[in-house]
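Q: Mind having a look at this structure? Questions to follow.
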């Protein structure tokens with residue numbers, strides 16, 4: 001555990017808390033992509049099956065359980081409790097366009113051809129693109145609530161910090177996981193446009209809106 | 001080799 005990894009995890013945790021707080025306080029999930037949240041639940045479920053097979057630390061187990069539980073709770077809020085506020089018309093990205101190719105790739109490019117390993121690889125690839133329905137939704141409506149942009153910024157920061165973590169681990173621990181690094185870089189690159197808008201607009205007190 | 005991709009990250 002190094003400082004970048006810890007900050008990354010905390011940023012990820014913060015993103016989830018911001019999202020839950022936004023929905024709970026405003027009693028609404030307007031502007032949030034249910035597709036992205038379903039994909040995240042799938043990511044956590046397939047990645048953390050190792051909860052049953054290996055123990056790393058109390059910290060690791062606690063975080064995994066929280067990520068899984070919060071992702072399903074988010075889906076419950078969006079598709080049940082606050083269903084009336086869910087903007088499904090703008091959430092039109094097709095999940096199968098991501099899940100199917102990513103599933104195929106996980107079968108072809110993995111560290112070991114074992115069920116748990118393929119599922120882990122699937123989750124890594126899927127996480128890298130799971131934000132696309134959310135970004136698609138923002139671009140379709142042309143705007144995002146400020147709280148939603150804070151959520152996206154925290155989520156993007158998490159992956160950027162993980163890249164610093166991998167650089168650190170490469171030099172100081174001799175650790176290098178090509179699959180995680182490539183997917184993590186792809187994931188971070190997807191946020192670049194958003195980061196630019198966040199820094200130039202939201203941090204200056206303006207709402208995040210895209211040019212028409 | 002196993003160590004190079006031990007999944008200790010979240």
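Just so it is clear, glycine is given a Cβ too, placed from its N, Cα and C backbone atoms.
All annotation found in TrEMBL is predicted automatically rather than curated by experts.
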Q: TrEMBL tags one of A:29-46, A:47-64, A:65-82 as transmembrane segment - which one?
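A: Of A:29-46, A:47-64, A:65-82, TrEMBL gives transmembrane segment for A:65-82.
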Q: Examine the ranges A:93-111, A:150-168 and name the one recorded by TrEMBL as transmembrane segment.
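A: Of A:93-111, A:150-168, TrEMBL gives transmembrane segment for A:150-168.
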Q: Under 8 Å between C-beta atoms and at least six residues away from its ends: which parts of the chain pack against the transmembrane segment (A:150-168)?
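A: Beyond its ends, the transmembrane segment (A:150-168) has Cβ neighbours at 2, 4-5, 7-9, 11-12, 14-15, 18-19, 22, 131, 134, 138, 144, 175-177, 180-181, 184-185, 187-188, 191, 194-195, 198, 202.
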